[in-house]
Amino acid sequence: MKRWSIVFFLVLTAIVSSACGTNTEEDSSPSENGEENTTNEENQEKSETPENITVTLNDRDGNEVGSAELEQKNGGVNIKLSASALPEGTHGFHIHEKGVCEAPDYKSAGGHFNPTDVSHGSDSEDGPHAGDLNNIDIHEEGNAEEEVMADMVTLKEGQDNSLLGGDGTSLVIHAGADDQKSQPSGDAGERIACGVIEN
């Protein structure tokens, strides 16, 4: 009788241990799935955010006059401009609301990128546009190496103020300086160069 009691106890112990093991595996599954989902979301976000974008700028005759490297950085977009064969002086430089650059006037690029519908210019009480940038200086030889920060935009698709959503966007260089207050575009004059921002 004692032997049967021992056998019964061993069988009961084995059943309880097996049940606990099953529950542990089931409990661990959500955690593993959660980690997998988090990893997938992170990978998807990385794939939708290009590390950098190169924009080619053309003049009013359609000739290439420069390029700009756009990089997602510090919560905004850093823009490194390298240009040549442009008129000497200070020029307005903006992000425009459409990714279309049709020479010679480049009006196809639309107005400044302004998704929050505010006034133009850093000197404006209700400004600036998200696409307003600092002026650039073209040297006597017609060259420029400039770096500006667009801290109100992003290269992350699907987010507010993304440069890669909707109708796309473009970079535009103007004939004159942007006074940072005149509406709607700083009295910067004609558009002398344009390049589409695209991934």
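Each Cβ is built from the backbone N, Cα and C atoms, and glycine gets one as well.
As annotated by TrEMBL, compositional bias 'Acidic residues' applies to 24-39.
Positions annotated as domain 'Superoxide dismutase copper/zinc binding' by TrEMBL: 66-197. Mapped onto DSSP helix, strand and coil, the domain 'Superoxide dismutase copper/zinc binding' (66-197) counts 3 helix, 50 strand, 79 coil.
Under the heading region 'Disordered', TrEMBL lists 21-61 (among others).
With a cut-off of 8 Å between Cβ atoms, the residues of this chain six or more beyond the region 'Disordered' (177-199) that come close are 50, 53, 55-60, 65-68, 70, 83, 86-87, 89-96, 99-101, 103, 105-107, 109, 111-112, 119-124, 128, 132, 135, 155, 157, 163-164, 168-171. Feature annotation from TrEMBL assigns region 'Disordered' to 177-199 (among others).
The signal peptide annotation in TrEMBL covers 1-19.
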